[in-house]
Amino acid sequence: MKEKVLIFDTTLRDGEQSPGASLNLQEKVEIARQLEKLNVDIIEAGFPASSPLQFEAVRHVGDESGKIVAALCRAMENDIKSAHDALRNARYPRIHTFISTSDIHIMGKFGHERYGKTLAEKQRSILKMAVDAVRYAKTFTDDIEFSAEDAGRTDPAYLAEIIEAVIEAGATTVNIPDTTGYTWPSEFGKKIADLKQRVTNIDQAVISVHCHNDLGLAVANTLSSIENGARQAECSINGIGERAGNASLEEIVMGLKVRSDLHDFYTDIVTEEIYNTSRMVSSFTGLIIQPNKAIVGDNAFAHESGIHQDGMLKNRQTYEVMTPESVGVPQTTIVLGRHSGKHGLQARLSSLGYKVTGEELEKVYERFLSVADKKKEIYDDDLRVLMGDELNKPLEPLELDYLHVNSGTASIPTATVRIRAKGNTYEESSTGDGPVDACFRAIERALSLGSLLYSYSVRSTTAGRQALGEATVRLKDGKHLFTGRGVSTDIIEASAKAYLQALSLRQDAEENENNNTIDNGI
Ligand SMILES: CC(=O)SCCNC(=O)CCNC(=O)[C@H](O)C(C)(C)COP(=O)(O)OP(=O)(O)OC[C@H]1O[C@@H](n2cnc3c(N)ncnc32)[C@H](O)[C@@H]1OP(=O)(O)O
Ligand SMILES: CC(C)C(=O)C(=O)O
């Protein structure tokens with residue numbers, strides 16, 4: 001008999017913990033909608049106690065979603081209460097509480113004497129905190145997940161003891177994270193098999209795994225754990241997450257699907273939605289997908305060498321273990337350009353997962369036309385960039401009124417900018433190490449600011465000489481990160497726009513606590 005593996009998507013929680021990734025509320029809601037289309041089983045929407053914006057995002061996703069929506073919280077009452085409050089109106093709320101169980105975490109993170117002096121004393125305190133947390137969470141909902149953080153490096157006997165105790169207390173899913181991505185597939189598989197042996201009440205809970213990719217083994221470890229009894233896989237789109245990331249959803253799902261000859265497992269993922277979801281997440285987070293990334297990279301279905309092309313022309317199966325169509329890599333038929341109307345645009349946006357109507361459609365169409373005036377054909381990735389831009393609109397944007405850049409092999413790069421802000425105009429010039437640097441310095445001078453630049457990247461969103469350049473600028477101000485994106489066929493203009501957008505969001509945040517940015521806790 002075939003057995004289902006539940007797909008628990010943590011793109012909006014662990015994925016968003018990726019250094020540099022930041023999503024505003026609308027972007028999170030939009031991604032959650034796309035995850036529903038992808039048909040994941042559980043959406044982990046965030047960590048409500050960590051910031052008001054996280055709380056609001058979880059609340060919005062919970063209010064809207066028809067899926068199980070999980071909220072993460074430490075094993076403490078305030079966090080659990082906050083998770084419950086954020087999920088109050090969710091149709092299927094899941095409280096996901098966690099605490100560290102490995103010796104290294106217990107001794108390193110719970111050093112206070114209030115947890116005890118020796119490792120054994122601290123282990124008792126942690127076990128009690130875990131059980132108390134599950135019992136408290138259970139007063140709010142029946143669907144409780146408990147995670148033993150750093151289970152990958154946890155003593156097997158202690159892990160079994162704590163897992164048995166939390167199931168006894170009411171946990172319905174027990175998650176075994178390889179938090180540091182330390183284990184090997186055979187070792188991790190044995191860990192799951194060992195738990196099934198040792199934990200007497202294990203059949204009362206679903207075994208879940210959550211693997212990190214520090215050694216590049218997250219997907220392999222996940223698949224090995226499934227072979228050994230795990231029935232929920234925690235993963236993220238494009239594998240984004242803390243440090244080297246999480247197990248990638250698309251790789252787990254397609255690994256199971258393509259090699260269904262090896263096992264009896266299945267998922268309910270609508271695999272044709274994988275590509276759209278991947279591109280949306282990349283565009284909103286600014287985390288670029290490496291071209292050779294399995295399943296969703298630009299080169300995943302590209303064949304360069306003659307012998308491969310010859311084989312492909314004769315029979316695609318010679319070099320493809322799955323078809324591009326099976327993961328939704330598009331076969332464009334309608335060409336969008338300056339002659340396209342709102343219906344065509346709306347239909348294409350809808351096929352990409354964006355629900356745009358009424359006034360919003362008017363605004364997107366206006367932006368679409370201004371880009372279409374500069375380039376002949378608008379590709380799907382151009383539209384994704386446009387949508388990312390729309391969703392990240394500052395309340396009071398600093399607008400680029402004028403930009404002139406002088407640069408070349410024999411001249412010092414110089415930029416002049418004129419910026420409009422709240423009815424005033426500011427103009428300045430500066431030299432720099434290159435045209436982008438000159439432009440950023442001119443903006444800082446015009447606005448009398450020091451540099452807050454944290455990172456900068458630029459990429460071409462599509463192929464060809466008329467491709468849109470998408471610049472991403474991140475500013476760091478204390479604990480806060482502000483991400484601006486700018487799009488243009490001219491990459492210097494795109495860079496200036498991105499810088500101004502990030503500065504505008506910072507300005508909004510200063511003026512309004514309820515801002516559009518996410519505290520990444522750095
Ligand atoms: C493996 C993972 O991905 S875990 C999830 C990681 N996600 C996040 O951290 C979300 C973003 N984080 C935040 O916004 C903040 O860290 C907050 C709001 C959660 C906490 O902020 P602060 O109260 O300032 O605490 P800070 O983060 O500095 O330290 C963590 C505290 O929680 C304790 N703690 C850590 N994990 C747990 C847990 N699972 N259960 C109970 N207590 C815990 C630590 O021991 C430490 O306590 P201490 O202050 O008594 O030493
Ligand atoms: C909180 C848990 C699930 C986690 O993110 C980890 O251990 O990596």
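Here the Cβ of each residue, glycine as well, is placed from N, Cα and C on the backbone.
Feature annotation from TrEMBL assigns domain 'Pyruvate carboxyltransferase' to 5-275.
Feature annotation from TrEMBL assigns Mn(2+) binding site to Asp14, His210, His212, Asn246. Within the same chain, residues at least 6 positions away in sequence whose Cβ sits under 8 Å from that of His212 (Mn(2+) binding site) are Pro177, Asp178, Thr179, Thr180, Gly181, Ala218, Gly241, Glu242, Arg243, Ala244, Gly245, Asn246, Ala247. When secondary structure is read from DSSP and collapsed to three states, His212 (Mn(2+) binding site) falls in the strand class.
DSSP states for the region 'Regulatory domain' (399-522), grouped as helix (H, G, I), strand (E, B) and coil, give 33 helix, 55 strand, 36 coil. The feature region 'Regulatory domain' is assigned by TrEMBL to 399-522.
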Close-lying binding-site residues around ligand 2 among Asp14, His210, Asn246, where CB distance stays under 6 Å: Asp14, His210
Model confidence over the domain 'Pyruvate carboxyltransferase' (5-275) (mean pLDDT, whole number): 97
Cβ neighbour count (within 10 Å, all chains shown) around His210 (Mn(2+) binding site): 31
Cβ neighbour count within 10 Å of Asn246 (Mn(2+) binding site): 32
